[in-house]
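As annotated by TrEMBL, active site applies to A:457, A:465, A:508. If you look up TrEMBL, you'll see A:217-239, A:272-281 marked as compositional bias 'Polar residues'. The domain 'tRNA intron endonuclease catalytic' annotation in TrEMBL covers A:427-516. The region 'Disordered' annotation in TrEMBL covers A:1-36, A:211-246, A:262-285, A:299-343.
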C-alpha cells in the first residue's frame, strides 16, 4: 500500500528516498533550518517516544563528569514529562477501515518517528502539500514522488532509446545486405523482377535504375511492379505506390527506384548513414496522409529518426501522445506540432495528482491530506506504545484499547462477526506478526504491492529498500486443533512459486512466517492473548543447480 | 540492492539490463550448442561455429530478416547438428554389463535397522561421524543389479560392494547398483542390463576369486545365461512406488538423474535412527526452555496496554524490551536422540555433493546439500510441523560468527544464512524446481540494540556520528 521505493526491477541503490529526504523538514522550521538536514537526524527516533540519555563520561576528561552530574541533577530536579509526552489524536473512520490523523504536527511526528501510516493522497510519505506547491512553482521543493516519476521517465526513455538503436542496427545490416550488387547476368536474370522487365523493355532490361531515373513518366509505370515484388527483398520504409501523385515528388522516386539495384546508379551514396529511411525527406502533406495507413512511418519532420516506426518496433513510451494516431486526418501541421512533447515529456503531466479546488489567484494552498493508519498500526500505537488515542466518530469519545481490539477483530471477518471470535482471526494473526517485528526494531509496512503481507525495512523506507517480504500463514500445531480437525489452508506449490518469483524480481527475499495459533482461551485481554502466539520464520529462495555446483 | 547479488552473474550487474534479476532467476536455459562444438572440435577438426561469449537475456532467434542473423542462426544450427551427429563410441573396455537380481539381498535388514544397530553398537550419539560408518548408506536390500566388472569413472560415486555377507556366497565381491544408479547408467549408454535365465550361482560361479567373470564368459555362452533388456524394460523394472523394495519413484529418479547430469554426486540419504517415542520429553523440554526464557524476564504486562509504561527512558532498549510480548523462536542444536522423525514427503531423500570436493563413496564427507523430493501435484506447501521436522533433521548450521558487525548487510547475511537449511525439489510432471528453505530467527537480531544498523546513516552522517542530546542512545551506555 505504501512504500516510497520504486519496486520496478530493483534498480540498485536507493537513490530516491535519500535525495528527497534532504528536503524533508518539519514544517514549522522549514525556513529557519539550513536546507541540508541529514536523514538520520530527521528520522532519529525509532518510535514516537523521546529518551533522555545522560551525556557520556570520558575518564580522560574529568570535566565530563560534571557534565553528567549536571544533566542528572537537572533531570531529577525538573523531570521532563513522562514519555510518551505527546498523545496523538486519531479518528476512526468506519468507511475506510482506517484511523485518520488530521493534525499536521501529528502527521509529521508519526511519519518521522517510526514510519506509521500513509498519506491518503501520497504513495507513502504524506507530502501532498509539497508536491502541490512544487507543481505550482512555489519554492523548489523536491518530492520523492516527482523524483521517482522523473527516474521512471528517464528509464523509459533509456529503454526506448536502446530499442531504437537495436532497430537501427538491424535496419542498417538489412540495408547493407540489400546493397550488394548482382554481378553476373545470370544473377541479374534470376532476380524477381528483371525477367519481366526484360520482356517489357528489351533496352532497359539490365539497368533498371537508370531507366527509372532518366524518365519520370516511365517511373510511374514500373514502380508498381517494383514495389509489388519488393516485400521479399527488403521491407524498408518506402511510401506506398498507391498514390498516383507520387511521381511528382522526385525525391521519393529516387529512393524507391534505387533500392533494388542501387549500385548500377553509381552516383548514389553508399554510406549507410544516408540510407533512405534515416534521411529527412520533405514530402507534401497529402502524400503523408495517404501513406500513413499503409506503412507506419511519419516522415515530415527533422525528428524523423525517433518517430519512424517499424512494425516490429517497441511501443512508444508515450502512448497517450503518440503521433501515429493523430495524423490520419491529413493535418500535418497538427501532427508536427505534437511531436516535441512526445520527445521530452513533462513529467509533471504524467503524475496524477488529485487537484484540490483552488483558485489560481490564491497562492496559499490548504493542506487537505491526512495520514491513514491501518488497524494494525493504530492498535500498535495504542496498545504497544500508548502514543495514540482514537476517537469514535459516533460518540466523539476516546475508544478504549479493548474496544478497539474487539472492533478490529470483528471487522477482520467478512461478513463481520459479532460473536464467537476465534483465536485465528485475521486481525490477530496479522497483528501478532506486526507486533513481533516492531518489537524487534524493524519497520513493517503493508506489502500488498508485492503480493505479500508485510515488507520489512531496517530503518525505514527512507534509508533503504525493504530486504524482506513477509507472507503470513497460520499454523495449528496445538493438540486442540488436531482434535478439531483444523488444519492450515492448503496452498499449492504454484502459489508459493508465483509469490517467490515476484519477490526475486524485485530483489527481495521471501520470508514465510508461521503464526502458531494457541487454542481458544478465556483470556480476552490482548496482552494475555498475544503472549500465547508463537512466530516462526523461514526463508525461501530458489536453488539453482547450475550455479551452486562449485 | 547491494546486498543480495549473490546469484547475479557479473555480466548482468549493470543496472541497464532490467532482465538481470529475472535472468539470474532463470536457472535452466537452453543449451548453447556452439559451446559444445568448441569442446568437440579436436586439434585436427575445424569447427565452423564460433564459440564467442553468449549474451544473456536476449532471444536472438526472432527473425528480423537480415542475412547476418540468418548466418548466426545457421551456424548455431550447424553446431547443433554437429554435436548431435557426433559419433559416440563405447570403448569395449569401458562397457559395463549388469545382471538384474532383484531378490539377492532381499533378506538383508532394511537400512534403518542396520543403522540403529550400528549406532548403538559403535559411537552412540555423534551424528557427524555417523556418515563415516561403512554400514551406513549401504542399502543392501535395495541393490538389485550386479556388475560384472567395476571399472569406469562413473562408479566412483555409485554402486557398493556388499561385504557384510558371508564368504563364498555368490555375488559377494561384485559391485551392486541401486535402481536409480542402474537406470541412470543405462540411459547414459554406459550399462548393458541383462535378465538372467539362470541362477546367480551360474552367472557368477565360484564367487571368491578375481578372475571369475572372464572364466564364466568362457564357460557358457552369453545368451544361455540370459537376455539383454531394453531401456523400456529397465524403466518398468526400476520405477515403482515409494517404499517398494528395489524400486524408486519416478519423481525421485528424475531428480537424481537431473542432479547427476548437472554434475553433482548424489547418494541416498541415510534415514534417521528410529528411537523410542520420546517426543513427549522433547516437547516438555521445549516448554521448559520457553518457560525458562520467560521466567527470567517476566514483566507483568498491563492487560490493555500500553505495554510501554509512561516514564523517563534513558535509552530505547528498555522501551523495546517492554514491547517483547509474542514468543520468538530461539534456534538451538538438538541432540540426535531428540530429533523428530519427519513424515514422508518432507524428509531428506538425497545427499548431494558438489563435484569439486574429493569424494569416497564408502566414506563420503558431510554432504553439501540435503534434498527432499516432493510431487507438486500431490502435496501442498508444508505445514509448520512438516517444515520444522524436515529442518530439524538437517545438521545444525548457524551463521558464521561475526557478532561484532552491526551493519545492515551483516544483519541480512546472518538472517538469510539461517540456522538450518534443506532443499526441496518440487517435481511437476518431470519439471523440477529446487527451493531452499532456511530456518530463520529474527529474534536473534535485536535491531534496536544496534547503533549503526541503519544503512544510510553511515554515508549520510559525516558530522552526525556522535549522537548526543535527544538522540536515541548515548554513547557511553
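Cβ atoms here come from the backbone N, Cα and C positions, even for glycine.
For the domain 'tRNA intron endonuclease catalytic' (A:427-516), DSSP puts the residue distribution at 35 helix, 24 strand, 31 coil. Calculated from their C-alpha atoms, the gap between residue A:457 (active site) and residue A:465 (active site) amounts to 7 Å. Taking CA atoms as the reference points, residue A:508 (active site) and residue A:465 (active site) are 9 Å apart. Other Cβ atoms within 10 Å of the Cβ of residue A:508 (active site), summed over all protein chains shown, number 25. For the domain 'tRNA intron endonuclease catalytic' (A:427-516), the model's average pLDDT works out to 93.
Here the Cβ of residue A:465 (active site) has 27 other Cβ atoms within 10 Å, regardless of which shown protein chain they belong to.
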